[in-house]
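Visitor: What follows is a single structure, and I will ask about it in a moment.
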Amino acid sequence: MAITLNNGFKMPIIGLGVWRMDESNIRDLIINAIKIGYRHIDCAADYRNEAEVGEALAEAFSTGLVKREDLFITTKLWNSDHGHVLEACKDSLKKLQLDYLDLYLVHFPVATKHTGVGTTDSALDADGVLEIDTTISLETTWHAMEDLVSMGLVRSIGISNYDIFLTRDCLAYSKVKPVVNQFETHPYFQRDSLVKFCQKHGICVTAHTPLGGAVANTEWFGTVSCLDDPVLKGLAEKYKRTVAQIVLRWGIQRNTAVIPKTSKLERLEENFKVFDFELSKEDMDVIKSIDRKYRTNQPARFWGIDLFA
């Protein structure tokens, strides 16, 4: 149930993502997730709910539900804070009510106009295009991330939404190697080359949007989810599982961590019940055949520029 990172720490292979999670539901969802068995919580400054997550974590610790060392807490440096890494990390720690992070990620490989620590704004110019800061290199940002490890604020550091080129670059200039690259991958967007490159070089892959975005990405980006795919529905019938369980099991058997997000208790339980069955090699190959190279998380809709172009 855990992946050993390249620095020896262990990260649970399934976690709870809190992106677009309703603030009023966070407390119950996190408490219930911990009771179900989740030990990995994936947060980000940009999700703007770190304070609510922190309240739930504080309750879990104070009531003895879990100890701090039992949980693996991830959060992320937002684009507008690349020049203020230490301050941004401390701001997240304060909101989460933690003394240290298990993992701190560079959320996107781009620095944007600074809007104030913790505000996580995406400033746009007069044409509605993202204000990218060309004075801060990713190498500068990474070395500031490394300082957080030596200061004891963060146990592990990693990257997010980096392609092969940028991941290779990070490996070349890093003194502390990234332990994780978190990016979108699911049956419709398998990114096999990137997954294999990271794993070959000792970087764990965490799959964000592991279910293809479902309703959330349909609402925000107008994209479709793999959960409606007839091939996956057929496998769900064969294994007597839900489609989501088939997709999450596929991700786990690729040796990628998965961080599905849900706001429903029954789905929270369902998503965690993926350790008592295994997909055959033949069925793994069947899923491999439905790759559409289809990205569902498309921030260009808000930023006026496609950073993945």
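Every residue gets a Cβ built from N, Cα and C, even glycine.
The annotation active site, proton donor is assigned in TrEMBL to Tyr47. The substrate binding site annotation in TrEMBL covers His107. Annotation comment: TrEMBL describes 15-291 as domain 'NADP-dependent oxidoreductase'. Marked as site 'Lowers pKa of active site Tyr' by TrEMBL: Lys76.
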Visitor: Identify, among the recorded positions Lys76, His107, the residue whose Cβ has the fewest other Cβ atoms within 10 Å in this structure.
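Guide: It is His107 that, of the recorded positions Lys76, His107, has the fewest other Cβ atoms within 10 Å.
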Visitor: So what's the average pLDDT for the domain 'NADP-dependent oxidoreductase' (15-291)?
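Guide: Result for the domain 'NADP-dependent oxidoreductase' (15-291): average pLDDT 95.
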Visitor: Distance check, please: Cα of His107 (substrate binding site) against Cα of Lys76 (site 'Lowers pKa of active site Tyr'), rounded to an integer number of angstrom.
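Guide: That comes out at 5 Å between the alpha carbons.
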Visitor: Identify, in sequence order, the residues in the chain of the residue listed as 'active site, proton donor' that are 6 or more apart from it along the sequence and have a CB within less than 8 Å of its CB; answer 'none' if there are none.
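Guide: When sequence neighbours closer than 6 are ignored, the residue listed as 'active site, proton donor' has Val18, Trp19, Arg20, Met21 within Cβ distance under 8 Å.
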